[in-house]
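Working notes, structure below.
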Amino acid sequence: MTEQKKKSISLSSKLKSSLDFLFPFLIIGIVWEILVQTGIIELRSLPAPSTLLAKFWELTFVNGILWKHLGSSLYRLATGYLLAVLIGTALGALLAQKPLLHDMFEPSLNLLMSVPTIAWIPIFLITLGLGDKTVIIAIFTSSFFAITYNTMRGIEMIDKSIVNAAHLMGLHGLNLFLEVLLPASMLSIINGLRLAIGYAWRALVGGELLAAMIEWGLGKMVYQARYFNDASVMLLGLLIIGITGFLLDKTFLTILERNTVEKWGMTAKK
Amino acid sequence: MRRKIFLAILPIVIFLLAWEVSARLEWVNPVLFPAPSAILNELVDLFQEGLPAHSILINHTLATLKRLGIGFSVGVLAGVLMGVLMGLSNPSFHFFNPLILVLMSIPGIALAPLFIIWLGFGDPTIITLGALSTFFPVVYSTTTGVRSVDRQMVRAAQIMGASRLQVITSVYIPWSAAFVFNGIKLGLARGWMTVIAVEFVAASNYGLGYMIWYATERLKADVVYAGILVMILIYFILDKLLIGNVEKKTISRWGMITQKQEE
Amino acid sequence: MDPIIQIQDLYKTFTENDKELVALDHINLDIPRNQFTVLIGPSGCGKTTLLNTIAGFEKATSGKILLDGKPILKPAPDRGYVFQDYALFPWLTVLGNITFGLTHNGWEKKGAEEKAREYIDLVHLQGFEEAYPHTLSGGMKQRVAIARALAYNPEVLLMDEPFGALDAQTRKHMQRELVKILEKEQKTVVFVTHSVIEAVFLADLVIVMTARPGKVKGMVKIDLPRKRSYVEDHYLHYREQILELLEEEVEKGFED
Ligand SMILES: Nc1ncnc2c1ncn2[C@@H]1O[C@H](COP(=O)(O)OP(=O)(O)OP(=O)(O)O)[C@@H](O)[C@H]1O
Ligand SMILES: [Mg+2]
């Protein structure tokens, strides 16, 4: 099969699978719309999909409020999460290389990793205030431990002969880390990143919702709508939270995975 | 071994000591960072408050546990049933899977405002959201488990005379057990988190989350820390004692835990 | 000859990615009763497919298979199947695995366990009744699988490369064991293998299949006493005969 043919097939199959994915949403939307239009269900707190679409139009293209909410959320997420990735992988690598540090911190790390995300938020609200800082640090904290732990485990499980070979070739320090340790432990690191993005997403939405001084953000959008009893804004916000959370995992992590461990044939075990 | 335990405890002890000292010497604001001893004191106070008739702390905790208990049970039951259905029937998998993937990305607390409109403050909203957040990981794992059933094993059962229903009970369900447990563990973590988080915003007067949030808004840091400590402890107890034990008697004994699955 | 299984004009296709693939091409074959029949052929020629259609796991596209004159429609306990990768239930003990076929066929628990113990003795696994499969070696697992398939007394035993995953030593040992077991248990066996040596050691009748699409290329009757050695002259003669039939097909398989 030629390259081009392969590509066009994978493209059309991609299109087909995204259509398959959207199909149930479409069906539910239509059924729901019919139920509301014919008056079979009549609830002020359950708006019809057409109302939601109109609202969506208004919030995106008329006043653009939705973009502002989404933008603030993504900004916070990116700041907290990337910070956790940077510091977490570095610390994980350090712990993996020094047995003494490993023995000292592995148990605490394990413990801290299983502390529910929601536990951090009140603590940070009290100590850091009710604004942006709290949310970003909550995102950082809830993703940091999982990333550190999985990086550490990943590097510790690397075949010793690979590391020895690298030493023989004269690799040390940062070069050794970037060129050998990082790729060799990628499977475990991605595992950590995936866990962490889920935690971070929860911390973000929860934090935005609970931090009183925050005005913008998807969590706030949903929470504020409560004061106006505006179920359509709420439903819209929730839908966008769900879709964005899902896409974060599906796009960014899947792309990373495809370009690293899958390309290197490290996922055969699955 | 002893060395390992010593090394593991060392940083925790140093951290707590440093905290204790800096709080006492007021290097940090003791209102925001009350000393560990003060937190423990508060914990005892909370426990004793209202004794002998009842204990405030226990009342809050029981209220939360009751909500979790109902929500979690409903979530697990519905999740396993739905997961088996989705695992066995391809059309239902293709229909529900996208919905579940998107819905499970919504943190439980974000659903609270909507459910408060629908069900009002208090138990109905908290329990429903606890059930929902348990439900999703359970469905997801159960479905994955049932869909991964070894076809040869199904065939082995069929040729030995097992009926359709017997194949489900004697092959599909035990096969999926490892996945279901993993889902239940995750579901418990999510359920516990969600119940407490929703209590922050939707509880009317009882619950650990209510207690923590009430204290947060009034900057009573010692109560907040004490509450969170209880919340974490209970979570560990539930996870290790309840689920860990069932796991040991089943999938570990069958050699079906290949690699430690992470939460 | 009194055939227990009659395969009549069996035709089987698979559809994958909208493409049709002929796996079995109009096969006509009689499997003799109470004899050991071996299916051999190049990889991908449809041996497993044929065995699975006899088992009732796969449906014929056209044509049919009769067992004692009645068409096979679905898997049923008048047949037993031994899988290459054992397919033991990891959540059941050795005893539990072997009683499975009995309790699902109307046996009381107690009687079933007694019966199962007989078969545990037969395959020399005394002392491992309560062991879980993951604690056993490959050879032991396959013994459990054989005991499990025999215990509920099916008329036909279907075996798909049952020793394929074992090391050479264990494999020879299991072949001898199987011969001994079948001396005690009169059974019709249909056995798939890649190994000509194994085929000649075990078979009364060897059926050689063509490269895909699978047809019957030829049959070789093995007229040797049950107790065989691997080195006798006759033995070598049969081996040559089968190899000749096979080689043509293997080459063909590589041509397309
Ligand atoms: N479920 C299936 N779907 C599609 N194609 C199949 C399926 N099962 C088998 N085939 C195809 O049918 C052909 C015959 O397969 P089969 O497994 O019966 O061969 P075999 O003789 O047992 O091979 P081997 O010696 O390698 O085990 C192969 O080309 C295989 O790819
Ligand atoms: Mg085969």
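First residue shown is number 1, and so on along the chain.
Every residue, even glycine, has its Cβ placed from backbone N, Cα and C.
Unlike curated records, TrEMBL annotations are generated automatically.
Sequence annotations record features per position, and here TrEMBL assigns transmembrane segment to A:21-41 (among others).
The domain 'ABC transmembrane type-1' annotation in TrEMBL covers A:70-252.
Per TrEMBL, transmembrane segment is recorded for A:74-96 (among others).
The annotation transmembrane segment is assigned in TrEMBL to A:108-128 (among others). Listed as Cβ neighbours of the transmembrane segment (A:108-128) (distance under 8 Å, sequence separation of 6 or more from its ends, same chain) are residues 95, 134, 137-138, 141-142, 145-146, 148-149, 152, 199, 202-203, 206-207, 210-211.
Positions annotated as transmembrane segment by TrEMBL: A:134-152 (among others). Same-chain residues lying 6+ beyond the ends of the transmembrane segment (A:134-152) with a Cβ under 8 Å from its Cβ atoms: 76-77, 79-81, 83-85, 87-89, 91-93, 95-96, 102, 106, 109-110, 112-113, 115, 117, 120-121, 124-125, 128, 185, 188-189, 191-193, 195-197, 199-200, 202-204, 206-208, 211, 214, 217.
The transmembrane segment feature in TrEMBL is assigned to A:173-193 (among others).
The transmembrane segment annotation in TrEMBL covers A:199-219 (among others).
The transmembrane segment feature in TrEMBL is assigned to A:231-248 (among others). Cβ atoms under 8 Å from those of the transmembrane segment (A:231-248) belong to residues 44-47, 51-52, 55-56, 59, 66, 69-70, 73-74, 77, 197-198, 201, 205, 218-219, 221-222, 225 of the same chain, restricted to positions at least 6 beyond its ends.
Contact check: the transmembrane segment (A:199-219) against the transmembrane segment (A:74-96) gives at least three Cβ pairs closer than 8 Å, residues 6 or more apart, which meets the contact criterion.
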